[in-house]
Amino acid sequence: MISDLKLLGWSQFFNGQLDLEEFETLTPLRLTEVRRRSVMALTPALERMEIALTGDHVATDMAVGDFALTDGERLIRLLDRKTVISRKAAGLQAQAQLIAANLDTLFITTSCNHDFNEARLERYLAIAIEAEVTPVIVITKADKPEEMAAEAYEDRAKALYEGAEVLLINAKSPEDIARLEGYCGTGQTIALVGSSGVGKSTIARGLTGEDIEVGEIREDDAKGRHTTTARSMHRMHAGGWLIDTPGMRELALHDASEGIATLFEDITDLALSCKFSDCQHRSEPGCAVRAALETGELSEERLERWRKLMDEDARNSESIAEARERGRKFSKMVKNTMKVKKAKRGE
Ligand SMILES: Nc1nc2c(ncn2[C@@H]2O[C@H](COP(=O)(O)OP(=O)(O)OP(=O)(O)O)[C@@H](O)[C@H]2O)c(=O)[nH]1
Ligand SMILES: [Zn+2]
């Protein structure tokens with residue numbers, strides 16, 4: 001069973017979470033779709049199985065790519081995730097919405113044209129680094145570069161982060177797709193992010209042989225319409241899994257301060273040497289960041305992009321934290337009111 005499980009992306013990390021009894025009586029599953037009242041999952045034999053969500057299990061706690069244990073009928077428990085990517089859900093609740101779990105690699109996709117944008121690439125890099133998912137920058141349309149030579153785009157991407165491999169490809173060429181497959185072998189799980197039109201569907205088709213429809217299913221119930229994800233985990237020729245969900249294509253930055261600090265390690269390090277610990281690196285005396293600008297060690301553009309990313313992260317993270325805080329205060333107030341009412345009634 002263990003070798004079959006490897007096909008699903010199982011590893012020692014998950015094995016270590018099972019006690020002996022669970023090991024003998026339960027079966028691991030990997031979630032491929034999350035609906036409102038059920039999940040679709042793959043068994044170690046790669047058979048599809050639908051499991052109704054009952055009791056404490058709610059769809060909003062689950063992500064495509066999660067591992068769970070089943071007794072054959074019910075979902076017993078979800079296993080801890082190796083990695084998770086989330087986005088801020090639209091609307092007033094401002095909750096983090098889980099997009100994909102247990103990714104190994106994120107292909108950050110852009111093209112040799114006006115789509116290429118350092119700030120956008122850095123946003124995705126920060127998301128990947130924060131989630132501890134390996135970032136790989138894929139630059140498509142190497143066969144028809146606009147504005148500058150394809151290699152110039154490659155060099156600009158390489159300058160962004162040492163920890164990210166940069167691959168310059170023609171997404172329509174099978175030989176170039178084969179260069180991505182080192183990240184897509186058995187046991188590996190990947191996802192693609194990037195703007196519309198950069199070639200994500202073309203790459204996905206090259207890696208899986210399928211035309212992947214990224215759609216949202218709408219389910220009706222008495223309370224209205226709900227959006228859930230369609231089948232979102234696809235087997236790749238190389239043996240691994242591609243997760244493609246609508247949410248993945250609309251990622252925004254939130255709660256990624258560590259990812260940003262790692263991505264901009266030079267600025268993070270410089271800031272430690274500023275005279276004031278709350279230095280804004282504007283006009284304070286003894287500012288190591290401004291000193292690095294003057295020597296040319298750091299560029300004004302890079303500093304500006306760092307500021308903007310920090311601002312964006314702070315804006316998006318705060319509202320989630322604040323919403324949580326509001327939620328806590330509200331439920332506390334309700335509880336207190338109930339208590340007072342009960343006391344009045346003499347209960
Ligand atoms: N010449 C060339 N064309 C490409 C390349 N990559 C993608 N294309 C073309 O660019 C267009 C858009 O590619 P898609 O794969 O649909 O882009 P996408 O990122 O999936 O776009 P959305 O579905 O809107 O998110 C298609 O016509 C592709 O054939 C490439 O490397 N070279
Ligand atoms: Zn400073």
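Using the three backbone atoms N, Cα and C, a Cβ is placed for every residue, glycine included.
What TrEMBL records for this protein:
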type	residues	note
DOMAIN	95-251	domain 'CP-type G'
BINDING	THR140, LYS141, ALA142, ASP143, GLY194, SER195, SER196, GLY197, VAL198, GLY199, LYS200, SER201, THR202	GTP binding site
BINDING	CYS274, CYS279, HIS281, CYS287	Zn(2+) binding site
REGION	314-347	region 'Disordered'
COMPBIAS	314-325	compositional bias 'Basic and acidic residues'
COMPBIAS	326-347	compositional bias 'Basic residues'
Contacting binding-site residues, sequence order - THR140, CYS274, CYS279, HIS281, CYS287 vs ligand 1, Cβ under 6 Å: THR140
Shortest C-alpha distance to THR202 (GTP binding site) - which of the binding-site residues CYS274, CYS279, HIS281, CYS287: HIS281
Annotated binding-site residues VAL198, HIS281, CYS287, filtered by Cβ under 6 Å to ligand 2: HIS281, CYS287
VAL198 (GTP binding site) - helix vs strand vs coil (DSSP): coil
Cβ neighbours within the same chain of LYS200 (GTP binding site) - under 8 Å, at least six residues apart: THR109, LEU192, VAL193, GLY194, ASP244, ARG249
Alpha-carbon spacing, ALA142 (GTP binding site) to HIS281 (Zn(2+) binding site), which is rounded to whole Å: 38
Cβ-based neighbourhood (8 Å from the centroid) of the Zn(2+) site, residues CYS274, CYS279, HIS281, CYS287 excluded: ALA271, LYS275, PHE276, GLN280, ARG282, GLU284, GLY286, ALA288, VAL289, ARG290
Cα-nearest neighbour of VAL198 (GTP binding site) within the listed binding-site residues, CYS274, CYS279, HIS281, CYS287: HIS281
